[in-house]
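Peer 1: Copied straight from TrEMBL:
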{"type": "DOMAIN", "residues": "A:78-265", "note": "domain 'ABC transmembrane type-1'"}
{"type": "TRANSMEM", "residues": "A:20-46", "note": "transmembrane segment"}
{"type": "TRANSMEM", "residues": "A:78-104", "note": "transmembrane segment"}
{"type": "TRANSMEM", "residues": "A:116-136", "note": "transmembrane segment"}
{"type": "TRANSMEM", "residues": "A:142-162", "note": "transmembrane segment"}
{"type": "TRANSMEM", "residues": "A:201-223", "note": "transmembrane segment"}
{"type": "TRANSMEM", "residues": "A:243-267", "note": "transmembrane segment"}
Amino acid sequence: MATYDTGSLSARFGRQFVKLILVTTVIFLSLPVLLTFVSSFAAQWVGPLPSGFLTFTNWGDVIGGTGVGADVSVGSSLLYSAGLAVAGVVINICVGVPIAYAVARYDFWGRSWVNVFAILPLAPGIILGIAFLRAYPDLSTSGIALVIGYSLLKAPYMVMAVQSSFQSMELRRIEESSRSLGASWLRTFLTVIVPNAKEGIVAGSIICWTLAAAEFNFSYIVYSRGTPPLSIFLYNNITNASFLNAAAAVSVFFLLIALVTIALQLVGNQAAVRRL
Amino acid sequence: MATITLETLTKQFDSTTAVDAVSLTINDGEVLGIVGPSGCGKTTTLRLIAGFETATEGTIQYDDEDMTHVPPENRNVGLVFQGYALFNNMTVRQNVTFGPKMHGVRKQERRERANELLELLDIRELADRAPQTLSGGQQQRVGLARALAIEPRILLLDEPMTGLDAQLKRSLRRELGELLDELDVTTLYVTHDQEQAMAMCDRIAVMNDGHVEQVSTPADIYESPANEFVANFIGTTNIVATNTLAGAVDTETAPDQGSTQNGHRQLAVRPDDFVVGSGPIEAQIANLFYLGEQVQLIVTTGDGTELTVHCDRFDADGLSVGDQITMDVETSRIHAVNETQ
């Protein structure tokens with residue numbers, strides 16, 4: 001049996017050291033988010049820390065659209081971005097899930113190329129944005145351009161999340177069992193394969209929606225007029241408003257992301273609980 | 001239920017012939033086993049019958065109906081895999097009613113059918129559970145109930161007990177055997193486990209390298225293997241030349257068919273057909289393995305031939321490696337075998 005030297009440095013302090021690194025990293029990463037959220041309820045921030053708690057003035061300004069110097073309220077911008085991201089996720093599901101299935105299930109000529117092309121849009125949004133403007137100059141002024149761009153940019157996250165779900169399943173046997181029981185290929189795919197990959201689809205949707213709703217680079221290049229996506233709204237107006245107003249606007253976005261994430265996870269968990 | 005007939009069925013994958021002109025009949029209500037080593041073509045044959053592979057040549061008939069090019073969903077076959085492939089997004093009952101639903105059976109009727117099968121397989125209380133919360137044995141029963149729910153023309157079992165522990169395998173083997181007898185459903189049982197096949201099947205087809213080497217009852221295959229491959233694959237066999245058994249074998253009456261090697265006929269003798277204690281064959285124990293009910297002796301005869309011998313554990317009392325023993329074997333227990341082509 002293996003024996004361990006309990007007197008060595010790694011045995012005595014290893015676990016504590018890892019904990020310390022972990023806690024430090026978590027604090028370092030979450031502090032800006034936490035500070036922004038907390039400061040959105042402050043009346044002023046002149047010293048090292050915000051002060052004058054607790055006020056909802058900043059939130060009122062943001063939601064009412066009066067304080068951030070914008071010609072539209074953050075609410076409409078937020079809803080617009082949320083809608084664009086939802087549309088992007090729907091496209092990602094419709095296109096990404098079949099691609100992930102084909103790559104995970106079938107061995108066909110060009111399979112590795114399909115896989116590469118599904119992941120290729122991980123290219124920076126700014127590059128894709130310029131290419132989009134060149135290729136589809138007429139489309140680029142509409143929301144459709146943003147939806148297509150978001151879905152293209154975020155597709156790899158959907159494909160990878162769903163693919164990992166498929167890879168943990170006995171796809172061929174499940175498909176063949178279903179077909180031997182009388183289900184057509186399409187019915188098998190829709191009623192057996194896709195529901196079995198629900199966890200992957202939910203995870204992919206959370207990632208795609210969150211990243212699409214906050215996408216800046218592509219939006220900055222492609223957006224030209226009308227209601228701005230949230231990221232553009234924040235960029236345009238943070239400089240015109242007080243930091244505390246901007247903090248409230250960002251906090252609204254954080255909250256929305258948290259709510260969507262929790263909602264999607266609940267959908268996934270509900271499916272799991274129903275099965276138990 | 002149906003009689004399944006394969007006529008010169010062939011399947012090629014690029015330059016590899018997985019199934020080579022196999023002709024086979026599975027009679028109505030019969031349980032036919034296909035056994036053979038990995039890569040011999042047994043699973044490909046099953047997949048051809050199910051419709052998941054397209055035959056390169058030959059035909060598949062269900063009764064008088066040509067099914068060679070019919071898609072799998074229209075063949076009405078029940079399929080049980082090694083991993084059961086249950087649908088984890090459905091409850092046990094939903095798994096069982098899925099097939100009848102696809103066949104357009106009304107809700108009430110498919111629910112009744114599912115309850116009947118779950119009762120028959122003694123898993124009624126698991127009806128509302130999720131498949132992934134069940135043990136291997138329970139999952140196997142669900143897989144079987146699901147396959148039987150469509151009242152299949154043929155039930156295809158592809159290594160359904162692989163991965164289960166030995167005790168569970170034994171109890172499920174008995175239950176499955178009784179169930180198939182009771183339902184009288186035409187069944188193809190593909191396995192590499194010859195013991196399972198011997199215990200459960202009415203007839204066995206031994207496959208090797210895409211060919212069927214022998215089709216017969218389990219007893220006939222064990223007692224009268226058609227060739228060296230079957231003799232070696234089904235159970236343990238000693239393939240020896242006649243002179244090794246000199247004295248024990250009446251060369252006048254010993255089987256005279258079969259091939260020769262170095263001028264001597266090839267003979268097959270099962271390890272448990274030797275009688276240890278007295279007889280004309282002298283040998284030295286090279287190794288000894290205690291197997292529980294039996295003891296396996298590896299012995300070397302005077303001409304240097306190594307034989308595997310099984311004897312009762314009480315008869316092996318006092319024997320040890322290096323001991324000289326004498327053995328006998330009845331001529332009627334010796335079979336001539338052809339070398340495998």
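Each Cβ is built from the backbone N, Cα and C atoms, and glycine gets one as well.
Remember, TrEMBL labels are computer predictions, not curated facts.
Can you walk me through where each of these features ends up in the structure?
Peer 2: With a threshold of 8 Å between CB atoms, the same-chain residues lying at least 6 positions outside the transmembrane segment (A:116-136) that come near it are 96, 99-100, 103, 145, 148-149, 152-156, 159-160, 215-222.
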Peer 1: For the transmembrane segment (A:78-104) and the transmembrane segment (A:142-162), decide whether they are in contact, meaning at least 3 CB pairs lie under 8 A, counting pairs 6 or more apart in sequence.
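Peer 2: Touching, yes - the transmembrane segment (A:78-104) and the transmembrane segment (A:142-162) meet the threshold of 3 or more Cβ pairs under 8 Å.
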Peer 1: Looking only at the recorded stretches A:142-162, A:201-223, A:243-267, which one has the largest tally of CB-CB distances under 8 Å to the transmembrane segment (A:20-46)?
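Peer 2: The stretch with the most close Cβ contacts to the transmembrane segment (A:20-46) is A:243-267.
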Peer 1: Same chain, outside the transmembrane segment (A:243-267) by at least 6, Cβ under 8 Å from its Cβ: which residues?
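Peer 2: That would be 33, 36-37, 39-40, 42-45, 50, 58-59, 61-63, 67-68, 74, 78, 82, 202, 205-206, 209-210, 213-214, 230, 233-234, 237.
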